[in-house]
(Lines of atoms letter the chains of each structure in order from A and count residues from 1; the text may use other names and numbers.)
(Lines give C-alpha, C1' and ligand atoms only; values in the text may rest on other atoms or scores of the structure.)
Protein backbone atom coordinates (compact mmCIF):
# COMPACT_ATOMS: atom_id res chain seq x y z
CA UNK A 1 0.00 0.00 0.00
CA UNK A 2 2.70 2.42 -0.94
CA UNK A 3 0.36 4.44 -3.10
CA UNK A 4 -1.30 6.02 -0.12
CA UNK A 5 0.90 9.05 -0.10
CA UNK A 6 1.09 9.56 -3.81
CA UNK A 7 -2.00 11.74 -3.76
CA UNK A 8 0.00 14.91 -3.37
CA UNK A 9 1.13 14.58 -6.96
CA UNK A 10 -1.42 15.74 -9.48
CA UNK A 11 -2.44 12.60 -11.25
CA UNK A 12 -5.66 11.71 -12.94
CA UNK A 13 -6.27 8.66 -10.82
CA UNK A 14 -7.99 8.88 -7.52
CA UNK A 15 -6.03 7.99 -4.43
CA UNK A 16 -6.63 4.88 -2.54
CA UNK A 17 -6.85 5.48 1.16
CA UNK A 18 -6.37 2.72 3.67
CA UNK A 19 -9.05 2.59 6.31
CA UNK A 20 -8.64 0.94 9.66
CA UNK A 21 -10.43 -2.38 9.80
CA UNK A 22 -11.51 -1.81 13.38
CA UNK A 23 -12.77 1.76 13.58
CA UNK A 24 -13.14 2.40 9.80
CA UNK A 25 -11.27 5.72 9.97
CA UNK A 26 -7.94 6.46 8.34
CA UNK A 27 -5.34 4.91 10.66
CA UNK A 28 -3.86 8.24 11.63
CA UNK A 29 -7.16 9.09 13.32
CA UNK A 30 -7.41 5.81 15.24
CA UNK A 31 -6.18 7.51 18.38
CA UNK A 32 -9.47 9.38 18.59
CA UNK A 33 -11.68 6.38 18.04
CA UNK A 34 -11.68 4.81 21.48
CA UNK A 35 -10.53 1.40 20.24
CA UNK A 36 -6.89 2.39 20.03
CA UNK A 37 -5.48 -0.93 21.23
CA UNK A 38 -7.35 -2.95 18.69
CA UNK A 39 -6.64 -0.50 15.91
CA UNK A 40 -2.95 -0.72 16.68
CA UNK A 41 -2.99 -4.48 16.55
CA UNK A 42 -4.89 -4.44 13.30
CA UNK A 43 -2.55 -1.96 11.67
CA UNK A 44 0.56 -3.78 12.83
CA UNK A 45 -0.73 -6.95 11.26
CA UNK A 46 -2.09 -5.53 8.03
CA UNK A 47 0.03 -2.51 7.22
CA UNK A 48 3.27 -2.72 9.21
CA UNK A 49 4.85 0.16 7.30
CA UNK A 50 2.03 2.50 8.28
CA UNK A 51 2.15 1.22 11.82
CA UNK A 52 5.76 2.27 12.12
CA UNK A 53 5.03 5.66 10.64
CA UNK A 54 2.16 6.43 12.95
CA UNK A 55 2.86 4.64 16.20
CA UNK A 56 6.64 4.67 16.51
CA UNK A 57 7.87 6.54 19.59
CA UNK A 58 9.51 9.25 17.47
CA UNK A 59 6.34 9.93 15.57
CA UNK A 60 4.32 10.12 18.76
CA UNK A 61 6.82 12.46 20.37
CA UNK A 62 6.78 14.74 17.35
CA UNK A 63 3.04 14.75 17.34
CA UNK A 64 2.58 15.69 20.95
CA UNK A 65 5.41 18.21 21.07
CA UNK A 66 3.26 20.96 19.64
CA UNK A 67 0.74 20.76 22.47
CA UNK A 68 1.16 22.36 25.84
CA UNK A 69 1.60 19.97 28.74
CA UNK A 70 -1.77 20.85 30.11
CA UNK A 71 -3.47 20.16 26.81
CA UNK A 72 -1.61 16.89 26.54
CA UNK A 73 -2.87 15.82 29.92
CA UNK A 74 -6.40 16.73 29.02
CA UNK A 75 -6.19 14.86 25.76
CA UNK A 76 -4.82 11.79 27.47
CA UNK A 77 -7.59 11.87 30.03
CA UNK A 78 -10.17 12.26 27.34
CA UNK A 79 -8.75 9.37 25.38
CA UNK A 80 -8.81 7.19 28.45
CA UNK A 81 -12.40 8.02 29.11
CA UNK A 82 -13.35 7.24 25.56
CA UNK A 83 -11.52 3.94 25.62
CA UNK A 84 -13.26 2.93 28.83
CA UNK A 85 -16.57 3.83 27.31
CA UNK A 86 -15.94 1.82 24.17
CA UNK A 87 -14.81 -1.13 26.23
CA UNK A 88 -17.90 -1.00 28.40
CA UNK A 89 -20.12 -0.83 25.34
CA UNK A 90 -18.39 -3.83 23.85
CA UNK A 91 -18.71 -5.80 27.03
CA UNK A 92 -22.36 -4.99 27.25
CA UNK A 93 -22.85 -6.12 23.70
CA UNK A 94 -21.06 -9.41 24.35
CA UNK A 95 -23.13 -9.89 27.47
CA UNK A 96 -26.29 -9.30 25.56
CA UNK A 97 -25.32 -11.86 22.96
CA UNK A 98 -24.45 -14.41 25.60
CA UNK A 99 -27.83 -14.01 27.21
CA UNK A 100 -30.02 -13.78 24.17
CA UNK A 101 -31.91 -16.84 23.11
CA UNK A 102 -33.20 -17.68 19.69
CA UNK A 103 -36.50 -19.45 19.94
CA UNK A 104 -37.65 -21.78 17.23
CA UNK A 105 -41.30 -22.51 17.60
CA UNK A 106 -43.29 -25.08 15.74
CA UNK A 107 -46.88 -23.96 15.65
CA UNK A 108 -49.69 -26.19 14.60
CA UNK A 109 -51.83 -24.33 12.18
CA UNK A 110 -54.16 -27.07 11.11
CA UNK A 111 -53.82 -30.77 11.77
CA UNK A 112 -50.58 -31.89 10.15
CA UNK A 113 -49.88 -28.40 8.88
CA UNK A 114 -47.33 -26.28 10.68
CA UNK A 115 -45.60 -22.98 10.58
CA UNK A 116 -42.21 -22.35 12.16
CA UNK A 117 -41.55 -19.10 13.93
CA UNK A 118 -38.09 -17.85 14.79
CA UNK A 119 -37.68 -15.05 17.28
CA UNK A 120 -34.70 -13.47 18.95
CA UNK A 121 -32.37 -13.24 15.98
CA UNK A 122 -32.44 -9.45 16.09
CA UNK A 123 -30.45 -9.51 19.34
CA UNK A 124 -27.49 -10.82 17.39
CA UNK A 125 -27.59 -7.88 15.08
CA UNK A 126 -29.21 -9.45 12.06
CA UNK A 127 -31.75 -7.77 9.94
CA UNK A 128 -34.90 -9.81 10.17
CA UNK A 129 -36.14 -8.88 6.76
CA UNK A 130 -33.03 -10.14 5.07
CA UNK A 131 -32.88 -13.27 7.17
CA UNK A 132 -36.51 -14.00 6.34
CA UNK A 133 -35.70 -13.73 2.67
CA UNK A 134 -32.84 -16.17 3.11
CA UNK A 135 -35.05 -18.63 4.93
CA UNK A 136 -37.60 -18.41 2.17
CA UNK A 137 -34.95 -19.07 -0.43
CA UNK A 138 -33.42 -21.93 1.46
CA UNK A 139 -36.64 -23.79 2.17
CA UNK A 140 -38.55 -22.67 -0.90
CA UNK A 141 -41.50 -21.60 1.21
CA UNK A 142 -43.16 -18.42 2.27
CA UNK A 143 -41.24 -16.58 4.95
CA UNK A 144 -42.10 -13.26 6.45
CA UNK A 145 -41.47 -10.91 9.32
CA UNK A 146 -44.52 -10.43 11.50
CA UNK A 147 -45.20 -8.35 14.55
CA UNK A 148 -45.77 -10.14 17.81
CA UNK A 149 -48.56 -8.88 20.08
CA UNK A 150 -46.08 -8.50 22.93
CA UNK A 151 -44.04 -6.10 20.82
CA UNK A 152 -41.07 -6.95 18.69
CA UNK A 153 -40.98 -9.04 15.57
CA UNK A 154 -40.46 -12.62 14.57
CA UNK A 155 -39.90 -14.54 11.39
CA UNK A 156 -42.61 -16.95 10.34
CA UNK A 157 -41.72 -19.67 7.89
CA UNK A 158 -44.39 -21.84 6.33
CA UNK A 159 -44.13 -25.54 6.95
CA UNK A 160 -42.41 -27.53 9.64
CA UNK A 161 -38.74 -26.79 9.13
CA UNK A 162 -37.71 -26.57 12.76
CA UNK A 163 -34.85 -29.09 12.52
CA UNK A 164 -33.45 -27.81 9.28
CA UNK A 165 -33.76 -24.24 10.39
CA UNK A 166 -31.54 -24.84 13.39
CA UNK A 167 -28.84 -26.30 11.21
CA UNK A 168 -29.21 -23.47 8.76
CA UNK A 169 -28.93 -20.83 11.46
CA UNK A 170 -25.85 -22.44 12.92
CA UNK A 171 -24.24 -22.69 9.54
CA UNK A 172 -25.07 -19.29 8.17
CA UNK A 173 -25.28 -17.02 11.19
CA UNK A 174 -22.13 -17.87 13.05
CA UNK A 175 -22.71 -15.40 15.85
CA UNK A 176 -25.44 -17.56 17.30
CA UNK A 177 -24.07 -20.18 19.70
CA UNK A 178 -25.72 -23.57 19.57
CA UNK A 179 -26.65 -23.50 23.23
CA UNK A 180 -28.66 -20.37 22.75
CA UNK A 181 -31.18 -21.98 20.45
CA UNK A 182 -34.35 -23.18 22.05
CA UNK A 183 -37.11 -25.34 20.66
CA UNK A 184 -40.74 -24.92 21.53
CA UNK A 185 -43.56 -27.05 20.25
CA UNK A 186 -46.68 -25.01 20.31
CA UNK A 187 -49.06 -27.87 19.65
CA UNK A 188 -50.52 -28.38 23.07
CA UNK A 189 -51.00 -24.73 23.85
CA UNK A 190 -52.93 -24.31 20.64
CA UNK A 191 -55.06 -27.35 21.34
CA UNK A 192 -55.85 -26.25 24.84
CA UNK A 193 -56.73 -22.82 23.59
CA UNK A 194 -58.90 -24.33 20.90
CA UNK A 195 -60.58 -26.56 23.45
CA UNK A 196 -61.17 -23.65 25.74
CA UNK A 197 -62.58 -21.66 22.89
CA UNK A 198 -64.78 -24.59 21.86
CA UNK A 199 -65.98 -25.16 25.42
CA UNK A 200 -67.18 -21.66 26.05
CA UNK B 1 -25.58 16.86 11.65
CA UNK B 2 -25.08 13.12 11.60
CA UNK B 3 -24.12 12.61 15.20
CA UNK B 4 -26.53 9.74 15.56
CA UNK B 5 -26.10 6.58 13.58
CA UNK B 6 -28.16 6.37 10.45
CA UNK B 7 -30.01 3.35 9.21
CA UNK B 8 -29.61 2.48 5.57
CA UNK B 9 -32.72 2.97 3.51
CA UNK B 10 -33.56 1.72 0.03
CA UNK B 11 -31.61 3.26 -2.79
CA UNK B 12 -33.28 4.78 -5.79
CA UNK B 13 -32.00 5.16 -9.26
CA UNK B 14 -31.88 8.71 -10.54
CA UNK B 15 -33.18 9.93 -13.85
CA UNK B 16 -30.46 10.79 -16.28
CA UNK B 17 -31.74 14.35 -16.49
CA UNK B 18 -31.32 14.75 -12.76
CA UNK B 19 -27.92 13.18 -13.03
CA UNK B 20 -26.95 15.76 -15.62
CA UNK B 21 -28.13 18.69 -13.54
CA UNK B 22 -26.32 17.29 -10.52
CA UNK B 23 -23.15 17.10 -12.52
CA UNK B 24 -23.56 20.72 -13.51
CA UNK B 25 -24.24 21.70 -9.94
CA UNK B 26 -21.16 19.83 -8.84
CA UNK B 27 -18.90 21.51 -11.33
CA UNK B 28 -20.16 24.97 -10.51
CA UNK B 29 -19.67 24.37 -6.79
CA UNK B 30 -16.28 22.70 -7.15
CA UNK B 31 -14.62 23.98 -10.33
CA UNK B 32 -11.39 22.27 -9.32
CA UNK B 33 -13.09 18.93 -9.69
CA UNK B 34 -13.40 19.45 -13.44
CA UNK B 35 -10.36 17.37 -14.44
CA UNK B 36 -11.63 14.46 -12.40
CA UNK B 37 -15.31 14.65 -13.13
CA UNK B 38 -15.27 11.69 -15.47
CA UNK B 39 -13.66 9.63 -12.79
CA UNK B 40 -16.02 10.80 -10.09
CA UNK B 41 -19.10 10.46 -12.21
CA UNK B 42 -18.37 8.13 -15.10
CA UNK B 43 -20.84 8.76 -17.87
CA UNK B 44 -22.03 5.21 -18.01
CA UNK B 45 -22.54 4.24 -14.42
CA UNK B 46 -25.83 5.02 -12.82
CA UNK B 47 -26.20 7.25 -9.86
CA UNK B 48 -28.25 6.18 -6.87
CA UNK B 49 -29.77 8.31 -4.18
CA UNK B 50 -30.51 7.41 -0.60
CA UNK B 51 -32.77 9.42 1.65
CA UNK B 52 -31.30 9.98 5.07
CA UNK B 53 -33.35 10.64 8.15
CA UNK B 54 -31.12 12.45 10.55
CA UNK B 55 -31.76 15.57 12.52
CA UNK B 56 -32.40 17.11 9.15
CA UNK B 57 -33.41 15.45 5.96
CA UNK B 58 -30.60 14.82 3.57
CA UNK B 59 -29.97 12.90 0.40
CA UNK B 60 -26.84 10.92 -0.20
CA UNK B 61 -25.71 10.23 -3.74
CA UNK B 62 -24.04 6.93 -4.36
CA UNK B 63 -22.35 5.58 -7.44
CA UNK B 64 -21.43 2.03 -8.44
CA UNK B 65 -23.81 0.60 -5.87
CA UNK B 66 -21.74 1.39 -2.84
CA UNK B 67 -19.38 4.34 -3.30
CA UNK B 68 -20.77 7.40 -1.58
CA UNK B 69 -20.07 10.66 -3.36
CA UNK B 70 -22.05 13.62 -2.16
CA UNK B 71 -24.80 14.54 0.17
CA UNK B 72 -27.30 17.30 -0.03
CA UNK B 73 -29.09 18.75 2.95
CA UNK B 74 -32.71 19.59 2.42
CA UNK B 75 -32.31 23.23 3.26
CA UNK B 76 -31.89 26.38 1.24
CA UNK B 77 -28.41 27.89 0.80
CA UNK B 78 -26.54 24.75 1.72
CA UNK B 79 -24.25 23.65 -1.10
CA UNK B 80 -23.75 20.10 -2.22
CA UNK B 81 -21.17 18.67 0.13
CA UNK B 82 -18.76 15.83 -0.61
CA UNK B 83 -18.66 12.65 1.44
CA UNK B 84 -15.32 12.32 3.22
CA UNK B 85 -14.46 9.21 1.26
CA UNK B 86 -14.57 11.30 -1.90
CA UNK B 87 -12.47 13.99 -0.27
CA UNK B 88 -9.88 11.36 0.56
CA UNK B 89 -9.84 10.28 -3.06
CA UNK B 90 -9.50 13.78 -4.51
CA UNK B 91 -8.14 16.01 -1.76
CA UNK B 92 -6.78 18.55 -4.21
CA UNK B 93 -10.19 19.36 -5.60
CA UNK B 94 -11.65 21.03 -2.54
CA UNK B 95 -10.84 24.23 -0.68
CA UNK B 96 -9.28 23.47 2.67
CA UNK B 97 -8.54 24.98 6.01
CA UNK B 98 -6.52 23.31 8.74
CA UNK B 99 -7.08 23.01 12.45
CA UNK B 100 -4.44 22.59 15.11
CA UNK B 101 -3.86 19.34 16.93
CA UNK B 102 -5.73 20.30 20.04
CA UNK B 103 -8.94 20.82 18.13
CA UNK B 104 -9.03 17.47 16.38
CA UNK B 105 -10.62 15.52 19.16
CA UNK B 106 -13.41 18.05 19.54
CA UNK B 107 -14.17 18.10 15.87
CA UNK B 108 -14.19 14.31 15.79
CA UNK B 109 -16.81 14.24 18.48
CA UNK B 110 -19.05 16.55 16.54
CA UNK B 111 -18.35 19.95 18.05
CA UNK B 112 -18.73 23.14 16.11
CA UNK B 113 -15.40 24.24 14.73
CA UNK B 114 -14.31 27.44 16.48
CA UNK B 115 -11.95 30.12 15.28
CA UNK B 116 -9.08 29.66 17.81
CA UNK B 117 -8.43 26.20 16.41
CA UNK B 118 -7.66 27.84 13.08
CA UNK B 119 -5.86 31.00 14.09
CA UNK B 120 -3.31 29.30 16.34
CA UNK B 121 0.11 28.19 15.14
CA UNK B 122 -1.00 24.75 14.02
CA UNK B 123 -4.01 26.01 12.14
CA UNK B 124 -4.10 27.22 8.60
CA UNK B 125 -6.34 29.77 6.97
CA UNK B 126 -6.25 30.90 3.36
CA UNK B 127 -3.27 33.04 2.55
CA UNK B 128 -4.18 35.36 -0.33
CA UNK B 129 -1.52 35.63 -2.99
CA UNK B 130 -0.93 35.14 -6.66
CA UNK B 131 -0.68 31.74 -8.22
CA UNK B 132 -2.81 28.62 -8.33
CA UNK B 133 -5.67 28.34 -5.90
CA UNK B 134 -3.92 25.65 -3.97
CA UNK B 135 -0.42 26.73 -2.96
CA UNK B 136 2.47 24.32 -2.63
CA UNK B 137 2.32 24.24 1.11
CA UNK B 138 -1.38 23.44 1.15
CA UNK B 139 -2.54 26.95 1.90
CA UNK B 140 -5.51 28.17 -0.03
CA UNK B 141 -4.70 31.38 -1.87
CA UNK B 142 -8.17 32.85 -1.93
CA UNK B 143 -10.23 34.05 1.01
CA UNK B 144 -13.27 31.88 1.44
CA UNK B 145 -16.63 33.46 2.00
CA UNK B 146 -19.41 32.63 4.35
CA UNK B 147 -21.57 29.84 2.98
CA UNK B 148 -18.81 28.19 0.99
CA UNK B 149 -18.14 24.51 1.45
CA UNK B 150 -14.80 23.71 3.01
CA UNK B 151 -12.76 20.64 3.85
CA UNK B 152 -11.13 20.58 7.25
CA UNK B 153 -7.64 19.13 7.40
CA UNK B 154 -5.74 18.56 10.62
CA UNK B 155 -2.27 19.41 11.82
CA UNK B 156 0.12 16.48 11.43
CA UNK B 157 -2.39 14.39 9.48
CA UNK B 158 -2.61 13.69 5.82
CA UNK B 159 -6.27 13.00 5.48
CA UNK B 160 -9.16 15.37 5.91
CA UNK B 161 -11.15 14.98 9.11
CA UNK B 162 -14.34 16.92 8.40
CA UNK B 163 -16.25 18.75 5.75
CA UNK B 164 -18.85 21.44 6.18
CA UNK B 165 -20.06 24.88 5.30
CA UNK B 166 -18.45 28.04 6.59
CA UNK B 167 -20.70 30.12 8.81
CA UNK B 168 -18.10 32.86 8.90
CA UNK B 169 -15.84 34.06 6.10
CA UNK B 170 -12.16 33.35 6.56
CA UNK B 171 -11.35 37.03 6.56
CA UNK B 172 -13.76 37.56 9.38
CA UNK B 173 -12.24 34.65 11.29
CA UNK B 174 -8.80 36.19 11.03
CA UNK B 175 -10.10 39.53 12.23
CA UNK B 176 -12.21 38.38 15.14
CA UNK B 177 -10.33 35.28 16.20
CA UNK B 178 -13.33 33.78 17.94
CA UNK B 179 -16.74 32.32 17.35
CA UNK B 180 -17.98 29.39 15.30
CA UNK B 181 -16.54 28.78 11.85
CA UNK B 182 -18.00 25.51 10.63
CA UNK B 183 -21.22 24.21 12.07
CA UNK B 184 -22.89 20.84 11.61
CA UNK B 185 -20.03 19.27 9.76
CA UNK B 186 -19.73 15.75 8.46
CA UNK B 187 -16.73 14.30 10.31
CA UNK B 188 -14.84 11.02 10.56
CA UNK B 189 -16.75 8.46 12.53
CA UNK B 190 -20.14 10.14 12.43
CA UNK B 191 -23.38 8.53 11.34
CA UNK B 192 -22.88 9.31 7.68
CA UNK B 193 -19.36 7.96 7.75
CA UNK B 194 -20.47 4.72 9.35
CA UNK B 195 -23.54 4.36 7.18
CA UNK B 196 -23.59 1.09 5.33
CA UNK B 197 -24.14 1.92 1.69
CA UNK B 198 -24.00 -1.62 0.38
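Placed from the backbone N, Cα and C atoms, the Cβ positions cover glycine too.
TrEMBL does not curate its annotations; it predicts them automatically.
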Students should find that the region 'Disordered' stretch in TrEMBL, chosen from B:119-139, B:140-160, B:161-181, is B:119-139
Sort the residues of the domain 'PUA' (B:95-189) into helix, strand and coil with DSSP and give the three counts. 18 helix, 28 strand, 49 coil
Summarise the model confidence on the domain 'PUA' (B:95-189) as a single mean pLDDT, whole number. 83
